[in-house]
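Peer 1: One structure, as structure tokens, below. Some questions next.
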Amino acid sequence: MPKAPFNAWLVPAGRLLLLLGLCFLIAGPWVCSIPQLQLLTQFLSLLVIAIMWNLLAGYADIVSVGQHAFVGIGAYAFFGFAVFAGFSPYLALLAGGATALVFAVPVMLIIFRLRAAYLAVGSWVVAETLMLGAGKLTAFGGGSGVSMPVSVVRSLGVQPALRYSHIYWLALAVAAVALATTWLLMRSRIGLGLTAMRDNEEGAGSVGVNLIRSRILCFLWTAPFLGLAGGIITLQKLRVAPPASFSITDWTVYVIFIVVIGGIGSFEGPIIGTVVFFLIRQYLAEIGVWHFIILGMLSIGVIMVEPRGLWGILRRVVPGDLIPVSHRPPARPLAGSDSAPSGTHLKEPHSTPAG
Amino acid sequence: MFFSWANQILQGVLVGGLYAMFAMGLSLSVGIMRFVNIAHGDLIVLVSFLILSLTQAFGLDPILAVLITLPLAFLGGYLLQRYLLQRVIGEGVLPIILVTFGLSIIIQNGLLGTYGADTRKVAGGGIETATLMLGKGINVGVLPLAIFVTAMVMVAGLDLLLYRTRMGARIRAVSDDVSSANLVGLPSAHIYAIAMGIVGVTVAISAGFMSVWTNFDPTSGPSRLITAFEAVVLGGLGSLWGTLIGGIVLGVAQTLGAQFDAAWQVLAGHIVFLIIFMLRPQGLFPRN
């Protein structure tokens, strides 16, 4: 090993910060008021959606502007299973995620026939069609939507405080599973191929990365998590309506800004972006529509100047990834096999995928 | 009964003329610059608001207002391509999608902040309601007919421009192989910018007709983009006559959908698009 650089302490410091963030999230229900807990629940849902969009756009080269469709499908399916089928909210949440996965297959068959920017608008057409279709479901109140019956709401807790902490735990569980499994995916052989695709698509293809299979896996990977996020959001809002459940502004526009400004194509980027977004959100709300203009200009500026976003800027000083998804070359030369199992890349002590 | 259906289909065809007009600029940027401008619909709405301001603030005739916006739109398109889009072109697909996406959000919210969320329309001075009665219940609006004829003239004109003029040859050369075009001394950045200027002119013409014929508000852009995109893909990427046919297919699908239930109008267009796209992903008239 070469001598550690002067700023080597920044990596453990950053990891410590992530760990403290995780501790804070776990302690949330005991230290936060109900409105704060609701804000944290929104944070976790948006974090999941941002991680998923980054996986698609930042690695798999699927720049979708229609991922809000799966949030909406998850929301409607959760509502349907919980209210009409009488499932418990927990089971309905899982069923909502599964429904999003089921819908992802035909959606994929349509939009994967388009390339690049055509795929972007194509995914938007599909999302628009699904939203309009949801507006035709009379059982769900048609175009104006419907509220959740009180009996279902109460099954999560009679007192609001208990209910909100239940919803919060669900959101934290979904976010933890989404982050941990996506991190494992990125660390796996498939993730290695994805990183190669991100850096050089043709090169990755020529060394044997199966581009199509990786894209299919990523697209299907994101759908159930988006569906779960949709269910959590519905639990919080207690109603479904086409424009709100399938909100392109909330689940695509903000998410794209978050990921681009935080840093597309890195694991840390969406986390940093979501944290920054929630820190400045209340100030943004005060300036009305102009905050979209600022976010839009900021993200165009980021793409022109530092396409790797805030994390790209920080990474000039920080000598390593906080959440390592790439593999270090082995410290000593290995005899023969290059597909040595997990022993070659020891997991870092503080690499907990936290928000 | 037959004539009532024939009338509906005819109305759909005429609506398709407007959709084709939205789509023409997108078809050009897809065919020449090889990118989809996500802000395309928002640019149409932006010019519509410009026309609205010109007619309201200065009391100009809508036609005069459109004529004033034509050179402005050309210049706007030129500058947009030269100083923003050209910088991110050729660096993979992600930057250009994200930049035009950001632009779309900026335009929508800039218009919302400036004009408010109200639905607007430009007064056309009676042309909106003028109708030709062709008998047997078949009526043709003068404005839709004018739009349809203009759309056809635009396709023919753009075809001539691209395939019969020197500028068109240059544009096609840069589009086919930008490095070879640079090698023989073509100023590719300038030529791309001129092509985007031409896109700007089609945007201004369609904005002029749209602002008189239909209502619009600051958030109308995305639905215009989606319609334009569907027409381009249905027609076959890069084929201008195909784009016109694609627009007509959408227009007819929407009017027939609205016949069954007014609420199904937009959805019917999307569903017909998705069905045809699954059956013929290369579009109805693929260029190659």
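Every residue gets a Cβ built from N, Cα and C, even glycine.
Bear in mind that TrEMBL entries carry predicted annotations, made automatically and left uncurated.
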Peer 1: Looking at A:124-146, A:308-330, which one does TrEMBL call transmembrane segment?
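Peer 2: Going through A:124-146, A:308-330 one by one, TrEMBL flags A:124-146 as transmembrane segment.
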Peer 1: Same chain only, please: residues at least 6 beyond the ends of the transmembrane segment (A:287-305) with a C-beta under 8 Å from a C-beta of the stretch. Say none if there are none.
Peer 2: 253-254, 256-257, 260-261
Peer 1: Excluding the flanking five residues on each side, which residues at least 6 beyond the ends of the transmembrane segment (A:216-235) place their CB within less than 8 Å of a CB in that stretch?
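Peer 2: For the transmembrane segment (A:216-235), the far contacts come to 41-42, 44-45, 48-49, 51-53, 55-56, 59-60, 62, 67, 70-79, 89, 92-94, 96-101, 103-105, 108, 112, 148, 156, 167, 170-171, 174, 178, 182, 185, 190, 194, 245, 251.
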